[in-house]
Structure formats: C-alpha cells, structure tokens
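J.: Attaching a single structure in structure tokens format; questions to follow.
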Amino acid sequence: MSSHQNEAVVIAIAGASASGKSLIAQTIYRKLRKDFSSQEIGVISEDRYYRDQTHLPMEERVLTNYDHPNAMEHELLVKHLTALKAGHAVELPNYSYTEHTRMAETTEFKPKKVIILEGILLLNVPELRELMHTSVFMDTPLDICLIRRLKRDVAERGRSMESVLAQYQATVRPMFMQFIEPSKQYADIIVPRGGKNVIAIDLLTARIRQFLKN
Ligand SMILES: Nc1ncnc2c1ncn2[C@@H]1O[C@H](COP(=O)(O)OP(=O)(O)O)[C@@H](O)[C@H]1O
Ligand SMILES: Nc1ccn([C@@H]2O[C@H](COP(=O)(O)O)[C@@H](O)[C@H]2O)c(=O)n1
C-alpha cells in the first residue's frame with residue numbers, strides 16, 4: 001500500500017454482497033460532510049465498473065456471472081483512481097441493475113483528498129490494492145447477507161425472490177467462497193456484523209478526519 005504527499009487517500013471497503021459496504025461508506029461520508037466539502041471527500045462504488053453489455057440482448061445479460069472478477073472492468077477503475085491521484089477529474093460510468101448494463105450518461109468526479117471505495121472484489125486485484133491506503137473487510141455472516149440482499153434486491157433492484165435465490169446458489173455464494181472470502185487476508189481492518197457497527201464507524205471516521213485536516 002502506498003501514499004504520497006497531496007495524493008488522494010483511498011480507503012477501500014470490501015466484503016460480501018449486502019454485507020453493509022455501501023451503508024457504512026455512506027454513513028461515514030455523511031458524518032464527515034458535516035465538516036468537510038464534497039470537493040474534499042467522495043465515495044465510488046465498484047459496481048459502476050461492471051462491464052458494458054449494451055451490445056448483448058437481455059436474455060444473454062441475465063446469464064452473466066456478476067460475482068466473478070471478469071464481470072468488472074477493473075482496468076478502468078485503476079485508470080480512474082490513478083488519474084484522480086494525479087489531480088485529474090474522471091467520468092464515472094453509471095450502472096443499471098435492472099438493465100444489467102451501463103447507462104449512456106456518465107458522472108463527473110473531481111479529485112478529492114479522500115476517496116472511499118466500496119465493492120465486493122476490490123481486494124482481489126493487486127493493482128487496486130497498490131492504490132489503497134487503508135483496506136476494510138465487512139465480515140458479516142453470509143446468512144445475514146442473504147436475508148438483507150433478498151429484501152434489498154426485491155425492493156430496489158427489480159428482482160423477484162426466486163431470481164435472487166437462484167442467483168445466490170448459482171454464483172453469489174460460490175464466488176464469495178472462491179474470490180471474496182480469501183481476499184480478507186489483505187484487509188487492514190475487519191468489521192464484524194455489518195454496516196451499523198458504531199465502533200467501526202467512529203474509528204474509521206476519526207482516521208479519515210485526520211487525512212482531511214492535513
Ligand atoms: N447492520 C445492519 N442492520 C440492518 N440492516 C443493514 C445492516 N447493514 C446493512 N443493512 C441493510 O442491508 C442491505 C444491504 O446493505 P448494503 O450496504 O447495500 O450492502 P452492500 O453494499 O455490502 O451490498 C441494505 O438494505 C442495508 O440498509
Ligand atoms: N447486473 C447485476 C450486477 C451485479 N449484481 C450483483 O450485485 C452484487 C454486488 O453489489 P453489492 O452492492 O451487493 O455489493 C453482486 O453480488 C452481483 O451478484 C447483479 O445481481 N446484477
């Protein structure tokens with residue numbers, strides 16, 4: 001892991017789907033935004049970097065294994081983080097879980113002092129690990145993750161209960177065992193229970209606050 005003076009500090013939060021990565025990232029972000037501007041801190045989700053599949057019909061898009069590292073364009077994420085660290089703005093892709101592909105519009109993201117990065121496979125990629133200052137793994141039990149994913153994906157991602165359970169058995173759980181769980185060894189901090197772990201939130205917020213003050 002590396003850090004150079006004045007370079008953006010990247011704090012990465014990895015872990016299973018629905019382990020609370022997004023919740024903890026947003027909670028820390030909101031707490032810090034009371035004292036710091038959006039020019040100083042921002043959040044990037046790895047999900048934005050799912051590959052573009054607009055050239056494929058929907059019947060084929062639904063067959064993609066979205067929990068395998070090949071489903072993500074990690075090269076683009078490395079390129080974007082490198083550009084941000086060098087002080088250049090980037091155009092983040094926008095992803096649609098209902099269309100299973102990227103949307104035409106992008107979102108401009110300007111350089112920040114601190115970037116919170118969250119996603120399932122971040123710690124699997126050596127080139128990404130090189131760009132991280134601090135890495136966190138959300139160690140939420142898988143049965144709890146499944147319950148939360150089921151509720152979230154039906155309410156927010158346009159899925160049926162049957163499709164969530166079929167996908168969980170076919171790819172989500174096996175890929176977690178193969179790629180995500182083993183990547184825990186690369187984390188500096190392991191957070192049990194999920195996105196409402198108050199002590200973990202306070203510790204990470206305090207650490208990031210130090211970077212923002214400098
Ligand atoms: N500790 C918790 N208690 C209750 N609900 C939680 C907790 N952590 C996360 N959730 C909920 O579970 C769902 C999945 O969490 P999310 O942060 O989206 O997971 P991830 O980003 O890891 O996929 C969300 O609806 C979130 O609000
Ligand atoms: N078209 C897609 C793309 C991704 N997924 C699932 O999203 C999960 C990762 O996002 P989290 O916010 O849950 O961490 C991953 O497990 C994919 O299975 C999808 O279902 N469809």
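Each residue, glycine too, has its Cβ placed from N, Cα and C.
What you see is a predicted model, and the numbers here were worked out from it, not measured in a lab.
According to TrEMBL:
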type	residues	note
DOMAIN	10-199	domain 'Phosphoribulokinase/uridine kinase'
BINDING	Gly15, Ala16, Ser17, Ala18, Ser19, Gly20, Lys21, Ser22	ATP binding site
J.: Using all protein chains in view, find how many other C-beta atoms are within 10 Å of the C-beta of Ala18 (ATP binding site).
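T.: 25, counting other Cβ atoms within 10 Å of Ala18 (ATP binding site).
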J.: Scan Gly15, Ala16, Ser17, Ala18 for binding-site residues whose C-beta lands under 6 Å from an atom of ligand 2 and note them, or write none.
T.: Ser17, Ala18
J.: Does Ser17 (ATP binding site) have same-chain partners at least 6 apart in sequence with Cβ under 8 Å from its own Cβ, and which are they?
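T.: Result: Asp67, Ile120, Cys145, Arg149, Val172, Phe176.
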J.: Looking at the binding-site residues Ala16, Ala18, Lys21, which have a C-beta within less than 6 Å of some atom in ligand 1?
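T.: If the test is a Cβ under 6 Å from any atom of ligand 1, the answer is Ala18, Lys21.
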J.: Around the ATP site formed by Gly15, Ala16, Ser17, Ala18, Ser19, Gly20, Lys21, Ser22, which additional residues qualify by having Cβ within 8 Å of the site's Cβ center?
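T.: Other same-chain residues near the ATP site: Ile120, Met138, Thr140, Cys145, Arg148, Gly194, Gly195.
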J.: Say we define neighbours as other CB atoms within 10 Å of the CB. Which of the binding-site residues Ser19, Ser22 has the fewest?
T.: Ser22
J.: I'd like the Cβ neighbour count for Ala16 (ATP binding site), meaning other Cβ atoms within 10 Å of its Cβ, all protein chains included.
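T.: Ala16 (ATP binding site): 26 neighbouring Cβ atoms within 10 Å.
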J.: Mind telling me which of the binding-site residues Gly15, Gly20 has the densest Cβ neighbourhood, counting other Cβ atoms within 10 Å?
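T.: When each Cβ's neighbours within 10 Å are tallied, Gly15 leads.
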J.: Through the lens of DSSP with three states only, how would you label Gly15 (ATP binding site)?
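T.: Strand, per DSSP.
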J.: Enumerate same-chain residues with a sequence separation of six or more from Lys21 (ATP binding site) and a Cβ-Cβ distance below 8 A; give 'none' if the list is empty.
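T.: Looking at Cβ-Cβ distances below 8 Å from Lys21 (ATP binding site), excluding near sequence neighbours, one finds Ile13, Ala14, Gly15, Glu118, Gly119, Ile120, Met138, Gly195.
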